[in-house]
């Protein structure tokens, strides 16, 4: 019934047949064979139902070649399965296009397209595209490479009262340039040179119309109070330029640059010089001009309405309710604000102090201002917070060093070895109480609480932190445990010395103190005996 099954190998056919027999009652059959873009069934069938295991053979379409087994098989799931078995054939490389380029859009495989284009100034003769198509048993390009030929322009036009650089024998191709010149006493109006360009990618045209040659004469303008910075003759021709300024105290109204036009007139209109504005920067006390104003420092005239901003110098501040600006008024005078005033520093609290150079005839908004200084002394029992009792008012409105003031006598931080203070700082004020806490293994010898007295000393006397000998360490005869009793493992040297001494003591004890009496005095014996017991 299915002669196409003969194309399947015998072992594969046996496996497919067995699976079909076993699974056919359980699973569904396959529908019509699949429609593949690259191949068609060898035998066309209009059946719509195929048993599991059916294998159909396909042939590759034109433009494709077989790379694998070309069978599709109905599997146990009722689906047609296959591996891609046809691949697109490849067209040859199209080569290089002189004065143009070949653009490969995707690849060189069957069905792909390449595009041709010419370089600027060249016209394309032939097809702009070519496709990789089937030609018999192989594939090749549908269209050959086109030709790119250079674009040509007609001869440039002649002009009256002038000529161009070309000759009758010249061939004008893309990029060719010709230049026009006028006869003596004539001015060239327009572009002196024109070039051969391409229109619509195929037609050669000149870049613009040729210029003309005309007689143009402009006379030097009369500008009262004006100064000519360039151009000092009496007559000028087309495109000649004048640069104009005004004398000090006058301002230019109009353009400072004018050109002689083709109609023998100046353009823009001839300017004028008028006395309009404030002269020079005004004098304002204690200010510094902003950077953009400093750039105008050499400017002689400022127009009416000119607004100049300033900052206050170091140590000065803007006068309250006054703008930090000066304005040029219609009467050609500067409207000047009150400027800046010195920065104030706060008046010191006179409690427990007196100022040696106290000011009594001050004027202004504050008692002490920038650059003022104070010498002061403190009452008995107090001292200045600045070492020399001197303080100066700074630009930021702060006293340096610190605002003049007096503090009560202080005590320095007590030095407690192997201990710490309840309050840690460098200085302590009068009547301030401090508690001493010894490190672990140490005990306070002396009062634990001390107070800063008015004479800058601590009372009672500053205590010490000494090693507290544990009960089990008081008997040193068994010196082996002595290291465990030490407060600090770094004291190994001391421990070894003590251990050595304990061994000697033990030996002396065994010898019934015979040799001890020879080596030690009665007082030393008493100390050793006490240490052993």
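Each residue, glycine too, has its Cβ placed from N, Cα and C.
The signal peptide feature in Swiss-Prot is assigned to 1-28. As annotated by Swiss-Prot, domain 'Sushi 1' applies to 29-88. Look at Swiss-Prot and you will find 30-74, 60-86, 91-132, 118-148, 182-213, 246-273, 278-328, 312-340, 345-393, 378-406, 411-452, 438-465 (among others) tagged as disulfide bond. Taken from Swiss-Prot, the feature N-linked glycosylation site applies to 68, 77, 185, 191, 200, 433, 455. Per Swiss-Prot, domain 'Sushi 2' is recorded for 89-150, and the stated evidence type is sequence analysis. As annotated by Swiss-Prot, domain 'Sushi 3' applies to 151-215. Summarising the annotation, Swiss-Prot assigns domain 'Sushi 4' to 216-275 and lists sequence analysis as the type of evidence. The annotation domain 'Sushi 5' is assigned in Swiss-Prot to 276-342 on the grounds of sequence analysis. As annotated by Swiss-Prot, domain 'Sushi 6' applies to 343-408, with the evidence given as sequence analysis. If you look up Swiss-Prot, you'll see 409-467 marked as domain 'Sushi 7', on the strength of sequence analysis.
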Would you count the other CB atoms within 10 A of the CB of residue 340 (disulfide bond), including those on all shown protein chains? 22
I'd like to confirm something. Which of the recorded positions, 68, 273, 312, 411, 438, has a Cα closest to the Cα of residue 345 (disulfide bond)? 312
All-chain count of other Cβ atoms within 10 Å of residue 345 (disulfide bond): 25
Given the recorded positions 30, 74, 77, 118, 278, state which is nearest to residue 86 (disulfide bond) when distance is taken between Cα atoms. 74
Candidates 60, 200, 452 (recorded positions); nearest Cα to residue 213 (disulfide bond) turns out to be 200
With an 8 Å cut-off on Cβ-Cβ distance and a minimum sequence separation of at least 6, pull the same-chain contacts of residue 182 (disulfide bond), or say none. 161, 162, 188, 213
What's the CA to CA span in angstrom from residue 393 (disulfide bond) over to residue 91 (disulfide bond)? 92
Those residues of the chain, 6+ apart, with a Cβ under 8 Å from that of residue 60 (disulfide bond): 38, 39, 66, 70, 85, 86
Using Cβ-Cβ distances, find the residues under 8 Å from residue 191 (N-linked glycosylation site) that belong to the same chain and are at least 6 apart in sequence, listing them in sequence order. 207, 208, 211
